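Straight from Swiss-Prot, the features:
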TOPO_DOM  1-182  topological domain 'Extracellular'
TOPO_DOM  204-228  topological domain 'Cytoplasmic'
TOPO_DOM  250-258  topological domain 'Extracellular'
TRANSMEM  183-203  transmembrane segment
TRANSMEM  229-249  transmembrane segment
Amino acid sequence: MESLSELQNPLLDKNSKHMVMADYGYGGDFHSNQYQENIINYFVTGGGGGGGGGGGGGGVAVTGGNGKAKSQLLDATSLHLAVEAFYKPNFILYKDDVSGKGKDYKNECCETTFMEKKDKEVVVETPSTEDPQAKLLDENDVKIQTVSYEVEEEEYVEYETDCSSDSESEDNFIVIPPRDHLGLAIFSMLCCFWPLGIAAFYFSQGTSKAVTKGDFPLASIASRRALFLAALSITIGTGVYVGVVVALIAYLSKPGHI
C-alpha cells in the first residue's frame, strides 16, 4: 500500500474510480443517492482487481459483470474499514498539520485544580523542594510546654506527726480512766484538816463509781475536785500544825511557866 487511501480502504481496487483523493480521508458528505451508488459499485465492480489487501485466511463471493462468482481475499485487520463504508460518513479527516496544531493547543492550555485543605496542611506541604534535613530541624525546634511542681515531703511528714500525736493523746485520754486520788484523800482526812479531807474522800469515791459506769467526763470532774480538796486540806492542816507549834513555843518561853 503506497498511499493513504489504500491504508484507509484496503478492500477497494486500485483501479476503482471511487478512490479517496490525496492525503485526506473522507472528503465530505455525499448525497444519499450517490452514496448508495458507491456501495453498489463496490460490490459489483470493486472485486475485479487483485483483491486489495491480501493475506487473510477467508474470502467472500463477489458477482462480476458476466454473472460468475469470484472469490476475493479479505484482510481480517481491515474489515472494520469495509463496514464503515456502509454508513454515511459524518466527519472529515484532516492532514497531519492539523493534529500538530491540536498538540500545540493542548500544550498552551493550563489546568487549574482546587484542593480543599487546611491552612496548616498547606503550609507543611508547600516547601517540598527544600532540604528534608532543614524540615527535620524545624520539627525538632518545636517546644513542648510542660508543667512541673515539687512536693514538700517534710511539711507533709510534720503535719502527719502532729495529727498522729493528737490522735494518740485523745486515745490515751479515752483509754486511761481518771485517777480517784483515794490515798491523798485519806491522808488529808486523817492527818490534815479533816473536814476538807472528808469531802476529798467523797469525790474520790464518786470518781471510781463514774469510771465503773463508763461516764468518763463525770469521773474526770470528780477526780479534779478530789485532788483540789485534798491539796487544800493538806495546806490548811500544815498551817494549823505550824501555828500550834509556834504558839506552844511562845507559851513555854515565858519565865513564869517553868
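Including glycine, each Cβ sits where the backbone N, Cα and C put it.
Packing against the transmembrane segment (229-249) from elsewhere in the chain are residues 181, 184-185, 187-189, 191-197, 199-200, 203: each is 6 or more residues past its ends and has a CB under 8 Å from a CB in it.
Here the topological domain 'Cytoplasmic' (204-228) has long-range neighbours at 174, 177-182, 184-185, meaning same-chain residues at least 6 beyond its ends whose C-beta is under 8 angstroms from one of its own. Across the topological domain 'Extracellular' (250-258), the model assigns an average pLDDT of 77.
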